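Here's what Swiss-Prot has on this protein:
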- His155: active site, proton donor/acceptor (ACT_SITE)
- Ser285: active site, proton donor/acceptor (ACT_SITE)
- Arg14, Tyr15, Lys81, His82, Asp83, Thr107, Ser108, Gln237, Arg299, Arg325, Ser330, Arg334: substrate binding site (BINDING)
Amino acid sequence: MAAEDKFESVLSTRYCKNSPLVSILSETNKATLWRQLWIWLGEAEKELGLKQVTQEAIDEMKSQRDNFDWSFIRAEERKLKHDVMAHNHAFGKICPTAAGIIHLGATSCYVQDNADLIAYRDSIDHILKRFATVIDRLAQFSLNNKEVVTVGRTHYQTASLVTVGKRGVLWAQELLMAFQSLAEFRDKMRFRGIKGATGTQDSFLTLFSGDEEKVEALDELVTKKANFANRFLITGQTYSRQQDSQLVFSLSLLGAAAKKVCTDIRVLQAFGELLEPFEKDQIGSSAMPYKKNPMKSERCCALARKLINAPQEALTILADQGLERTLDDSAGRRMLIPDVLLTAEALLTTLQNIFEGLTVQTDNVKKIVEDEIAFLGLEKAMMMLTEEGVDRQQAHAVIRKTALEAKQLQATQKVDIRQTMADPFFDSVRDRIVGLVNNPINFTGRCVSQTENFIAKELKPTISKYLDQSAAKVQLDV
């Protein structure tokens, strides 16, 4: 059946079809990891003295690890209604010498949970690299525009001047905090290890004739073979699903941060201040050919909503895990976590494309600043007046009255700074303010140095070890 004739997830076929995550989260990789976990278990058991595990059996498993008879596996699972045992039988069929020691002492969650954790870890490693590149691209945009003066906005209304670069590092800070959350999760991530059917390790204690030190060594050795620094000391049949919730929550922070950034970009594109990349042959609307819609930022917002809402499901999976184990988690985890990882990848890929082509509509930005500078100079006037002994509250009241009157006048004509400061109250500071207005950067405070300092002192050091300096620009297929 052709791909177009059946439903497949849009994450893997539309937004992430060229991503390594599609392979990392695939059935083939999962099954390969299960077999690798059986190999590691056999190796560790042999190293610790189990006579029934031979080098011949281990070598046989290694030689057949990637040999899959999927028709046999599917038939076995239909019959047994148990995926791990279906794979166990399939592996044993092609490894007759090892068949008797495959899965020795283990329970299904030994391969299921541990393989999931390896796949999650490898996915996170890729996502962190992508995330670092996204933040780096935004940092470059911010530095390039650190002196481009623009109107700040609070409550979506005109506020004190900022620079485009300073606004950019505000966005970068939100993304960086989400990045740090995910990186911290990755560093603390724990492996399930070998725990047995209910987490007691009784089967392994039996195999090692009651030698607890060897059971502990087995757990530690398999963890090291899987290249994990940390492991759970206590589990039921499964590892705590709270760890899954922490992963999902870390990615939900990415969603929330990205939605804030992309909503801002959409608003600023509507104001005519920014323009997300719009390709030569791109069509904005089938009905309105003149439109340049911020469709990439809109897509990011849609993907972000999926991440923002995901923790609720992860928390219910955690809450419904009964006693040492129930299957309440199984179907949900199979869908939720791969979807969350792929959604994060799709979001970051699109964000990278936006930041690599985001442009400032400088002429319009300058015009908006010129229209508002007559009002925005008044805040600095208030500070100067207080330096001369004027009561701050009195200055605020006069400026408020003057500004509101000028705003009404602005509806029918252009207002300049001399008009807003015509009151004799401003005589002592008027000339100084008028002189400053000729160069609006004078009203942006420490925007330039804040931008430079944040990038140099916090952003770059945080992402440096994850950043691939050779990362290519993103070209979106859709």
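For all residues, glycine too, the Cβ spot is worked out from N, Cα and C.
Recorded features from Swiss-Prot, shown on the structure.
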residue : record                             : Cβ contacts under 8 Å, 6 or more apart
Arg14   : substrate binding site             : Asp477, Val478
Lys81   : substrate binding site             : none
Asp83   : substrate binding site             : Glu77
Ser108  : substrate binding site             : His82, Val84, Met85
His155  : active site, proton donor/acceptor : none
Arg299  : substrate binding site             : Thr350
Ser330  : substrate binding site             : none
Recorded substrate site residues Arg14, Tyr15, Lys81, His82, Asp83, Thr107, Ser108, Gln237, Arg299, Arg325, Ser330, Arg334, farthest C-alpha pair in Å: 42
DSSP state at His155 (active site, proton donor/acceptor), helix/strand/coil: coil
